[in-house]
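Trainee: Quick one: the structure is below, and I'll ask about it shortly.
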Amino acid sequence: MSAAPHASPTTIACLLGPTASGKTAAALALAARRPIEIVSVDSALVYRDMDIGTAKPSRDERASVPHHLIDIIDPADAYSAASFRADTLRLIGEIAARGRTPLLAGGTMLYYKALTQGLNDLPGADPDVRATLDAEAERDGWPALHARLAQVDPDTAARLAPNDSQRIQRALEVFMLSGQPMSVLLAAPRRTDDAAAAYRFVPVALEPSDRAVLHKRIAQRFDAMLDAGFIDEVERLRRREDLHPDLPSMRCVGYRQAWEFLDGDTDYRTMRDKGIFATRQLCKRQITWLRAMPERIVVDCIAPDSTARALDALERVLDGSTPG
């Protein structure tokens, strides 16, 4: 008796792109054509009470099509790539069971990589270790911890700025918990499982043919956030005793700069300029991640008909008319 043939993997369309590239418009355009549910691939949208600075889809937009992995945790808590992977694989199955089509949409490329390529064997976050490192940074400054990292993990330290508190803390935490440099663990083969083997993830990438145009959009959007009450949003968060600027939520682009302004460390214009610059740097990193995906389908996000082009690409993916 011959073995039963393996079922072909189910194609999952993934709409990826940097900040301000038009992902929401393209996703909603697809929702007008097909019964989809959107799974957010965004590490900032997971937080409740952080709406303006994360450019969260509006209530009307979220009412028009089901969205997932938005407003799922408190800003005092953390959410990992491993949690995203587990939640997304579960949601894909649940959405399909309802007879609907999942669409992954967002710009957190680390999440997408964890989903499609598996996880590294890095230790999880340890609150006690982080508290110790925070106390040392408060006393000695992050550049001193960066110098310590350079002694135990020179490869990781070389690619981090001396004040990149989030990444310096994580790299030292990994070394303290595992006894191995994070660069060594990241270079090891990824831990895979069969959970994602049933799916073929196809990325449609919104990328700018002229980055200056996207940079202008980013500045306009940051100004619109300020006009919409972003500083008031951060002030409400800042009043909470359990929130501080070193939490992952408050390290989100824009929030850190607004917190510094409210602390009196910068003036309004400097805060605005730093927020726009940080967003552009994020955009640059996102595009670098995208360009490392040879399998992606590229749509020019600054073309006048970019939404229609993205919609056409997504429909071709879902109809199976793209190369396997």
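Each Cβ is built from the backbone N, Cα and C atoms, and glycine gets one as well.
It should be emphasised that the depicted structure is a prediction, and the values quoted were computed from it without experimental measurement.
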Trainee: Of the ranges 42-45, 86-89, 314-317, which one does Swiss-Prot list as region 'Interaction with substrate tRNA'?
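Mentor: In Swiss-Prot, residues 42-45 carry the label region 'Interaction with substrate tRNA'.
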Trainee: Could you tell me which of the ranges 124-131, 132-139, 284-291 is annotated in Swiss-Prot as region 'Interaction with substrate tRNA'?
Mentor: 284-291
Trainee: With Swiss-Prot as the source, identify the stretch among 35-40, 65-70, 143-148, 251-256 annotated region 'Interaction with substrate tRNA'.
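Mentor: Feature region 'Interaction with substrate tRNA' in Swiss-Prot: residues 251-256.
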Trainee: Ranked by the number of other Cβ atoms within 10 Å of their own Cβ, which of the recorded positions T19, S21, T24, T108 ranks first?
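Mentor: For the recorded positions T19, S21, T24, T108, the Cβ with the most other Cβ atoms within 10 Å is S21.
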Trainee: Do you know offhand how many angstrom separate T24 (ATP binding site) and R130 (site 'Interaction with substrate tRNA') by C-alpha?
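Mentor: Distance (Cα to Cα, whole Å): 35 Å.
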Trainee: Can you tell me how the residues of the region 'Interaction with substrate tRNA' (166-170) break down into helix, strand and coil by DSSP?
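Mentor: Taking the region 'Interaction with substrate tRNA' (166-170) as a whole: 5 helix, 0 strand, 0 coil.
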Trainee: Please indicate, using numbers and ranges, the residues of the same chain that are 6 or more beyond the region 'Interaction with substrate tRNA' (251-256) and have a C-beta under 8 Å from a C-beta there.
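Mentor: Counting only partners 6 or more residues beyond its ends, the region 'Interaction with substrate tRNA' (251-256) has Cβ contacts under 8 Å with 19, 43-44, 47, 50, 53-54, 165-166, 222, 225, 230, 234, 237, 245, 275, 278-279, 282.
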Trainee: Enumerate same-chain residues with a sequence separation of six or more from G22 (ATP binding site) and a Cβ-Cβ distance below 8 A; give 'none' if the list is empty.
Mentor: L206, C301, S306, T307, A310
